[in-house]
């Protein structure tokens, strides 16, 4: 009771102090209003503004409900929500965040998976050590090295593993293995040259089956018959190995057969001399309609044909039966001569400017320079790689310069007078398919399997123009327009593209010839002598003719069974065309 009374007295005193501090207004003391009662809370704690404290506690509670789970903690004292499991971690990039989309510490759909695997090398080391010695490191030990297995052997081997064998131990094991195999063991390392030299004791020690085995005690003066025979066979075998690694092409005996009546007529003129009445009838070209003649003599497909320069009274053909034949066009229409000098299919042929000589390139890695009249091989060139295209410099004063596009990405230039390589153009990334001279023979354009065109200054092995676009395909055939301002490139996406031969070598987007199917085949593209028509063979045996100005298909001819690989317009008779195909036939159309 005393406590209650003291509390009441204390409250009255506090009330009096409050009234003195805040005297009542006259309105509140009016008799109409009820008396004001003030109850002051009594507390011994200091007065604190707890608004910010409440807000901070609420924010921490909210953050704890939304913050992601720490992947490094071993236990979670509460049930995390879905949002917590999928909440991203803000801060430094995690190694599992590869693409910036999954920026969290999660590396699995359900959260975090700890990498607890050991390295494959360490696993193999411990596994093989246990199989060999009977002890290995304890994988469950988190601190230090604890071992399981044969601890006595562990102490005896000083804890080495199978990968920590000392050098002396390795050498001892090699010596034991050599003794078990019956080989003589030397204290020093063996010289490789002594192993290959039959005159040394090292060679004899390794070749127990040789006739010299066990006969080194005394000096042998004469070889026995068995030893002579063995030495001859060894030398022959080594010679064959060196011949197999030779960089030159396959050697084949060159021969030629003349099929005409006589090589010279009553006036002494050669059979390759053009007829005097061979002249252009007019300057206007016409599309052929009918088959005039068929030449059949190749036992396999024909890969290329070339008319005799300027006159076209003869036509040269390269066959996959390793033979090159030349045919009469004006008179008898028969085969005049067969050139046999390649052991594999002939890939490309080209005449010199006057037609008295020509080049052939074969898959036997040889390039041969032939005399057209006599059929003799003047010279042979080879780098040990397959030549895909051969070309002579068209300039009359540079007819001794030979360029060949090889399968090893190089364009090799020979001087045929000396037989030496004078230049190599090595920039392509694939086999070189075509070589085309432009700009008055000062430059040439090459195409390759790397789907690019490169322009070179003749004699300078530096690319002056590189043309390569993502949409480009390989271009296995290129022809120059008669006005020398344009190049027609056969593209393997079934179209013919036109490039200018000016400084910039730009693609003419307005001219595009399509309709034929050449994907996968190196079908030849060509122009009519007056430049009005573009023609090409295709993979279905047809020959296509387009109008140069309108780019529309003018006519198609069904020429061959199989691929029509080559087509040539006669240089003088403006309405006649020759085609060749993989059916082994050459056809003449008018």
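Backbone N, Cα and C atoms are what each Cβ position is placed from, and that goes for glycine too.
Annotation source TrEMBL lists region 'Disordered' at 1-38, 167-198, 237-266. What TrEMBL records for 10-19, 183-194 is compositional bias 'Acidic residues'. The feature repeat 'WD' is assigned by TrEMBL to 295-329, 339-380, 425-457, 557-590.
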Same-chain residues near the repeat 'WD' (557-590), Cβ under 8 Å, at least 6 residues beyond its ends
278-296, 298-307, 309-312, 315, 317, 319-320, 327, 329, 521-524, 526-530, 535-543, 545
For the repeat 'WD' (557-590), the number of residues DSSP places in helix, strand and coil:
0 helix, 18 strand, 16 coil
In the same chain, residues at least 6 away from the ends of the repeat 'WD' (339-380) whose Cβ sits under 8 Å of its Cβ atoms read 248-250, 252-258, 263, 270-272, 300, 303-304, 306, 308-311, 314, 316-326, 386-392, 394, 396, 399, 402, 404, 416, 419
The repeat 'WD' (339-380) resolves under DSSP into 0 helix, 23 strand, 19 coil
Return the average pLDDT for the repeat 'WD' (339-380) as a whole number.
91
